[in-house]
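These notes are about the structure you will find just below.
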Amino acid sequence: MPRALWTAWVWAVISLSTEGASDQASSLSCDPTGVCDGHSRSLNSIPSGLTAGVKSLDLSNNEITHVGNRDLQSCVNLKTLRLGANEIHTVEEDSFFHLRSLEYLDLSYNRLSNLSSSWFRSLYVLKFLNLLGNLYRTLGETSLFSHLSNLRTLKVGNSNSFTEIHEKDFTGLTFLEELEISARNLQIYAPKSLKSIQNISHLILHLKQPVLLLDILVDIVSSLDYLELRDTNLHTFHFSEASISEMNTSVKKLIFRNVQFTDESFVEVVKLFNYVSGISEVEFDDCTHDGIGDFRALALERTRYLGNVETLTIRKLHIPQFFLFQDLSSIYSLTGKVKRVTIENSKVFLVPCLLSQHLKSLEYLDLSENLMSEETLKNSACEHAWPFLQTLVLRQNRLKSLEKTGELLLTLKNLTNLDISKNNFLSMPETCQWPGKMKQLNLSSTRIHSLTHCLPQTLEILDVSSNNLDSFSLILPQLKELYISRNKLKTLPDASFLPVLSVMRISRNIINTFSKEQLDSFQQLKTLEAGGNNFICSCDFLSFMQGQQALARVLADWPDDYWCDSPSHVRGQRVRDARLTLSECHRTAVVSAVCCALFLLLLLTGVLCHRLHGLWYMKMMWAWLQAKRKPRKAPRRDICYDAFVSYSERDSYWVENLMVRELEHFDPPFKLCLHKRDFIPGKWIIDNIIDSIEKSHKTIFVLSENFVKSEWCKYELDFSHFRLFDENNDAAILILLEPIDKKAIPQRFCKLRKVMNTKTYLEWPMDETQQEGFWLNLRAAVRS
């Protein structure tokens, strides 16, 4: 029994293991190109079953703890491997040995406490390696990257435990496009550790304290293009002139990101600019200045310029003692060579007039997302301020008057490009004054409702997108580019207003359609963006849009942003794919064809009616409907005649001379109704027939060949059908005046043939000796 339990337990474990492997394999999703995605799947190991067809494998953000020698041995064509954000603490020596095609390897944010050069010894073509966020203190006992001669991007270090950089660490690396070192707690930096790298395009350095900053800078200053310093507290930074005074520097750009300064340390940084003479661009991003702007030490140091810095960018500058900040007069003299300044989202409400006047080389000024108003702009753009300024960006400030803003900028004689978007102007005056060289104006998102002659006639580029405009009727003879998206325009602007327009972006309006003629009227138009409108996909519009191959070269957003809004059956379809029916696109032709068909049908119906007596049937139907409305039987007091006689005019002699004599002159006499004698003059014949039949006790039909051919006899017989035969009574008396071939009776007299087959009729005898008996039988039938 214990043996059986043991066997069952073993099989259960094997079954669970198999299911686990199967579940892990199924957790990968791979496309036909060999890209497999397994990130965020709670995997605790690398899935089995990987093949040579896998070229990209993403296993990031899982719970993998170990990478074994055989886990990836089949992935010989793998180029990208992402293992970041796992729990990996062990990587076996030959784990990546078979990945000779690997170009991208991410092992960041795991739990690796030791790094081994054997991992990378066969990765000759590796270009990207990320080892950030692990637990190692150093980069290993031997040179870790000596085999990675093609490496271009390297990220190493962590924010806590990485404390040492040694001279051998980067041996073998000669050129890197990007090197990121996270060493917030760096304690040891061996001189010349980075000097072995002959060229570094971009170095990102995370340092908490600046103690070793100059030592690092000395090693890289001659091989680095772009230095980015992050998360550093420069309160204690002190620049030593002797450190780099004799170095041939190549650094061109310097970025401080999330760095803290004091007044004193800022002075030291400015001194650095003067000695690292290659720096032409400096950026401060999300930095904090713990001071009050007391830079008098710069004057004592006789610092006259910011080195060769021409571009200065400041974003999200935090000044805790903002209301104690001084007037910056001590740095005015340093700004003479600066050509481009960006101060964004830093609560700037004023640029002092003296500072503006000292910015004699300034060509570009961006003061976006600040607190500038017309009152402070008046002081900033004072006389002789920014004499060479060409571009001014005042986006998202507190400007409210377009007219006043234009007047205040008249002092800027060389201004050509003005961005005052995202200010609340609301309206536009009829006239304005602007600098005489204005060519570009950005008024997007300013909530204006209409455009007036306030706009300068010299404009070549105008952006009025994201407003409330419903029309564009301005003449701008030099305008080349118009950006008017996200408004309420219903049609394209008139081309005669914009004779040299080459670019127009008019998407997200309420335009229903445009035509070939409209586009052709813009003779120099090269780019049109008109997607996102509510297009009515008419036949003409679809024919134009789908039939012009050259149109695709003009429409920048074709075909993905062009959708039909109507008709309803094509709503939601792309204009390129919409199809209308023949009747919708050729309405005139279809209507003409239908009319012709109806005419032919009517003509055919008329012919058939004539040949098949259709008109007669319609008349009878109408008479029948009229007769149906009358009472089924007339009251006895309304009976005026003993019999109504239906006969052909050609048989009138027999009726009027023989029948009348034998019936009306008999004693007692019978009263007959004859149409020639008793019909009421002026009354419709059909009404006379109906009334006479209704007021007669019997109806006598004098049947003959003439009767069958008589039109009125047909009417009388039909009405007798409706009133007499349909009621199944004996009010009808048939007299066969002469023999009739039943086959000769027309089809419309079907009831006559039926009656002659089912009812007894009186036949007029040609023998005079039998005629007396005929009259006796007729009188008896009328009297019954």
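Using the three backbone atoms N, Cα and C, a Cβ is placed for every residue, glycine included.
Residues or ranges marked as disulfide bond by Swiss-Prot on the basis of similarity to another entry: CYS30-CYS36, CYS353-CYS382, CYS432-CYS454. According to Swiss-Prot, the feature N-linked glycosylation site maps to ASN114, ASN199, ASN248, ASN414, ASN442. For 126-150, the entry in Swiss-Prot reads repeat 'LRR 4'. Here Swiss-Prot flags 415-437 as repeat 'LRR 15'. Annotated topological domain 'Cytoplasmic' per Swiss-Prot: 609-784, in sequence order, evidence recorded as sequence analysis.
In this structure, the CA atom of ASN414 (N-linked glycosylation site) is 17 Å away from the CA atom of ASN442 (N-linked glycosylation site). The CA atom of CYS432 (disulfide bond) is located 24 Å away from the CA atom of CYS353 (disulfide bond). The DSSP breakdown of the repeat 'LRR 4' (126-150), given as helix, strand and coil counts, is 0 helix, 3 strand, 22 coil. On the 0 to 100 pLDDT scale, the model's mean across the repeat 'LRR 15' (415-437) is 95. ASN114 (N-linked glycosylation site) has ASN199 as its nearest neighbour among the recorded positions CYS30, ASN199, CYS454, going by CA to CA distance. Here ASN442 (N-linked glycosylation site) is compared against the disulfide-bonded residues CYS30, CYS353, CYS454, and the shortest C-alpha distance is to CYS454. Each residue contributes its Cα atom, and for CYS353 (disulfide bond) and ASN199 (N-linked glycosylation site) these two points are 43 Å apart. Long-range Cβ contacts of CYS36 (disulfide bond) within its own chain (separation 6+, distance under 8 Å): LEU28, SER29, CYS30, LEU50, VAL54, SER56, LEU57, ASP58. When the Cα atoms are compared, CYS454 (disulfide bond) and CYS382 (disulfide bond) turn out to be 23 Å apart.
The Cβ neighbour count for CYS30 (disulfide bond), using a 10 Å radius over every protein chain in view, is 17. Non-local neighbourhood of CYS382 (disulfide bond): CYS353, SER356, GLN357, THR411, each in the same chain, at least six residues away, with C-beta under 8 Å from its C-beta.
ASN442 (N-linked glycosylation site) has a Cβ environment of 21 other Cβ atoms inside 10 Å.
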